[in-house]
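Chemist: I grabbed these lines from TrEMBL:
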BINDING   Gly269, Glu270, Ser271, Gly272, Ala273, Gly274, Lys275, Thr276  ATP binding site
COILED    962-996  coiled coil
COMPBIAS  77-86  compositional bias 'Polar residues'
COMPBIAS  1058-1070  compositional bias 'Polar residues'
DOMAIN    178-849  domain 'Myosin motor'
REGION    62-102  region 'Disordered'
REGION    729-751  region 'Actin-binding'
REGION    1040-1070  region 'Disordered'
Amino acid sequence: MTSVKVPLIGKPLDLTERTSKMPLLKSKVPPRLKSIMSLPVDFRFMTGSSLGNLGRPEVNEELQAKSDAQEDESPYIGNTVSFDTEGNSEEPGNDLLSNHVDNPSLLPVLQSNGDSRWNDTSSYAKKMHAWCKIKNGEWALGKILSNMEKEFLIGFPEGKVLKVSTDNILHANPDILDGVDDLMQLSYLNEPAVLYNLQYRYSRNMIYTKAGPVLVAINPFKRVDLYGHNYVEAYRSNSTDSPHVYAIADTAIREMARDEVNQSIIISGESGAGKTETAKIAMQYLAALGGGSGIEYEILQSNPILEAFGNAKTSRNNNSSRFGKLIEIYFSLTGKISGARIDTFLLEKSRVVQCTEGERSYHIFYQLCAGASASLRDKLNLRNVDDYKYLKQSNCYKIAQVNDAERFNEVMEALNVVHISNEDQEKIFAMLTAVLWLGNISFTIIDNENHAEPVIDEGVLTVSKLLGCDIKVLVLALSTRKMRVRNDHIVQKLTLSQAIDTRDALAKSIYASLFDWLVEQINKSLNVGKRRTERSISILDIYGFESFEKNSFEQFCINYANERLQQHFNRHLFKLEQEEYLQDGIDWAKVDFDDNQDCLNLFEKKPLGLLTLLDEESTFPNGTDLTFANKLKQHLHSNSSFRGERGKAFSVSHYAGEVLYDTSGFLEKNRDLLHIDSIQLLASCSCELPQVFASKLLRLSENAVQSSHRQTGADSQKRSVVSKFKGQLFQLMQRLESTSPHFIRCIKPNKSQHPEIYEQPLVLQQLRCCGVLEVVRISRSGYPTRVSHQKFAMRYGFLLFESVASQDPLSVSVAILHQFSILPEMYHVGYTKLFFRTGQIGALEDTRNRTLHGILRLQSVFRGHRARFFVKTYRSGIITLQSFVRGQKTRALYSVLVKQRRAAIVIQCHIKSHITRREFLNTRKASIIIQSGVRGELVRNAGRAFTKVFESDQVFVKTSLLAELQQRVLKAEAGLRQKDEENEILQQSLLQYESKWSDYEQKMSSMEEVWQRQMRSLQCSLSIAKKSLDNDVCERKSDASVDQSWDSSRSREESNGGIRSSSHTVNGADMNASTSVISHLSDEFEQRAHVFLDDANFLVEVKSGQADANLNPDRELKRLKNTFDAWKKDFGIRLRETKAILHKLGANESSGDRAKKNWWGRLNKNSSRIV
């Protein structure tokens, strides 16, 4: 493979610097470029080769006559290119340049059908240098020596001369265009010119180049100084226009705010071209512009997590994305990031259980084994990488210059940032370890039918512990399968291969479910925005086109997705562009490009497309990979993009080249069946995550795969993997179609993934695949700026006169173009739009901005004048209002001050009087003290004088004074004895009171007992009286006819007054009244008894201290006794009255009433006892 080692010199230079330093730049890049078709294996650009330019100005015959002098000065001459070929130089074709120019066999006739499209013009006879295509397909830079009819005589730096036909000659660009940052600026647009320009920039670390609306990014495979805060500020402030990912992101966010249309940044390229890093750089710029809420940091920290769980080392890329992702970043009304959402597509699950030689599984497995702490390793029973069969089958454990332990710490920090708790992190690592230990589960054959069951070893025990499932259930799930035949359930043992497939399917399902769950948790953390404008910028980072020695189902799906993305690219940059020109009546020469619609039809056509036939064969129980391959060959052999191969292989002509696919495993991977026993195993686990996985899998598995004879018992997803992936892809395309796209094409400069190596055939192949040159041609020859008549008239119509501005939009638009003298060749008027060439709308925008600036300036002056007038008026009114308000406030304040002054005077009066009074008292007290001192001194002086005078009488005075003191002492002693006696009397009285109180308590207790007995006796007497009276009434009613006293009383009544009323009636009424009186007395007696007893008990408790009450128990007891005596007296009186009434009523009763009289006698006796 041809390679170029490019030394790196200095920093990027702008065009002004290039012109002054051109000799230095020319000495670093080889002048000769080669095509991809037929390069010699040992062809090398030497380190001392000079870097020539692609063209020279026109020269005359004198310059050509002085070719030797020109060769000394030309940058293309010297030890620049060496042709080293193997074999005998005398053999034909080994050294084309060493043969004589007259030999007709050496004249190349190598014109291909597709090369003519790169020719920009046919007038190149007088150009001094040109790119010529020689026999082996290389592009070499030579000097035109002479011009024949249909041939040119070309001289090469080694002194070789060759005749080249005009069809194999392409122009070289002038020196001033070396390393331009936009390919549209190249005077001659052809393959060698583009390759040379990209190589020129790549050698100077200028890895970004514009290709019209597309950004071409070449992977440097090293760190370059093109990023950071200074670069972000430069692109934010528009202080630089150099091509960069920052520029694309800045354009997207500005157009989103200006046009209110969602934007998308579509990053494409083959594996290893740097798509993932480019996506991260774009996200960093968006986070820098829209940051401030903190959510941008979480968005950036999601990248290490997704890379660890979704990226792996392949043979072409050390950090290959094995899934596709679309990151949609939402923005608020203020332009700040308010949230994000991540959608993923088609994770390569097969990489979990199998890896080819030299590749690795997903990064997270190696990072976990290298960076887990000792406690976590003990808890998970985690071993080294080479102890797991899933990881050691590829014999690749490390990536150069990558520390897996450090990456694991970064993943841990990122998990904390996106709010995944430590408990959930341990669950994640437990699931990862369980997947690794599943690969270590081995099987043993148990019978002659090759049936197998797991060996109960460390692998089974560890998996059971990590998943939280029973060992027996795990063993049964891996060695048996439950099947339903009609209404019966059958348990079928699995063969060794089936058991291994079941184990691998479980491992893949756990990892894929864990990946989906992790993405859901990240989305929950990022979905925090409450206020959104429904505007977003989507960044698509999807797997690149892949073509390996053996391409399987994963490459089939990946390349299909890239075909669809290429169609989206073609649609926006080729089809829609040119169709719009034709629809609007633009005179346009259509540009040819490679349309991949035929290849897409091969995949998607119904009913005989690749995807349809794959789904159809997957539904057949007896379908195999071979029958699928044969069906493809049978139905698709007539398609130009399809070619059947031997056995299970077939090839497809993709936009990037032909790829040979092996159908081995296609049907199994497309079905992607996880048996219901495995799902039930996950559902039975005690850990949370397996249960979540099982519930999601059960929701997806609704329909069982059934044949005409029996039901397998394995629930299948509603759709196959291809169908689901196709649905996701169509949804993705719909979302992208609703956005304004921005394209970034990533280029892989070499296959060895080393810096400073530029393999031109590989780069040329990628440029051809992505159609970069066609995009430049369309952009340069077309009208990149287009505006509708209405919008143009609305935006620029105010620049015209009023009479013109009132017309229809088309007339207004034409008037604007004429007024500003825009050249007719620089625009075109379509049916609905105006089409402008590059830069024309900018001049109108400048004029519009200047006019608007002047208008705004005039408006600002007028508004300032009006505002000042209003301010003066308002100020005058405010001052008047303030004067009244302040006067009122001052008057109110003055009245308050007056009141305060009066109050202060009163307070001062009191304070001063108090102070004066206190001073007077102090003075008086001091005067008294002084007087007492003076008088004491005077008395003492008088006493001394009296002592001297009456010294003889001193003894007598002292004797009489002593006698008086003795009398006082005797009196005091007598008083003391008297007090002692009184004290003893009081103590005796206290003892007597205490004894009396104890006697009193005993009396009260006995009195209480007596009362209770008397109350009970009275109660019994009253009840007997009631019964007796009731019986009396009954006897009187029954014996009224034989009562003798009735006749006598009747005769007396008749004789005394002729009383007409019946005695029975009187006696009955009296008897009833007596009964009610007795009942009333009985009730009163009971109530009073309870009241007196309760009061007496309470007073006893208060006296003894058992109850607390603020009263005098002696006084209250005395009062209670008086109350009892009064009631007792009153009750006795009423009782005697009742007795008299009853005696009166019973005077005429018969002998049967004697019992009642006896009772009353007893009652009288009891009453007297109470009294």
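Backbone N, Cα and C atoms are what each Cβ position is placed from, and that goes for glycine too.
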Chemist: DSSP-wise, what's the residue breakdown of the region 'Actin-binding' (729-751) into helix, strand and coil?
Modeler: 9 helix, 8 strand, 6 coil
Chemist: Compute the centroid of the Cβ atoms of Gly269, Glu270, Ser271, Gly272, Ala273, Gly274, Lys275, Thr276, then list the same-chain residues not in that set whose Cβ lies within 8 Å of it, in sequence order, for the ATP site.
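Modeler: Near the ATP site, beyond Gly269, Glu270, Ser271, Gly272, Ala273, Gly274, Lys275, Thr276, sit Asn219, Asn317, Gly544, Cys746, Lys748.
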Chemist: Around the C-beta of Thr276 (ATP binding site), how many further C-beta atoms are within 10 angstroms, looking at every protein chain?
Modeler: 21
Chemist: Within 10 angstroms of the C-beta of Gly269 (ATP binding site), what count of other C-beta atoms is obtained when all protein chains are considered?
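Modeler: Step by step: centre on the Cβ of Gly269 (ATP binding site), count other Cβ atoms within 10 Å, giving 24.
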Chemist: Count the other Cβ atoms sitting within 10 Å of the Cβ of Ser271 (ATP binding site), across every protein chain shown.
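Modeler: There are 21 of them.
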Chemist: Which residues of the same chain, at least 6 positions away in sequence, have a Cβ lying under 8 Å from the Cβ of Gly274 (ATP binding site)?
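Modeler: Once residues fewer than 6 apart are set aside, Gly274 (ATP binding site) is near Ala217, Asn219, Cys746, Lys748.
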Chemist: Within 10 Å of the Cβ of Gly272 (ATP binding site), how many other Cβ atoms can you find? Include all protein chains, please.
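Modeler: I count 22 other Cβ atoms within 10 Å of it.
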Chemist: Mean pLDDT over the domain 'Myosin motor' (178-849): what is the value?
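Modeler: Here the mean pLDDT over the domain 'Myosin motor' (178-849) amounts to 86.
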Chemist: Near the Cβ of Glu270 (ATP binding site), how many other Cβ atoms are there if near means within 10 Å?
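Modeler: I count 23 other Cβ atoms within 10 Å of it.
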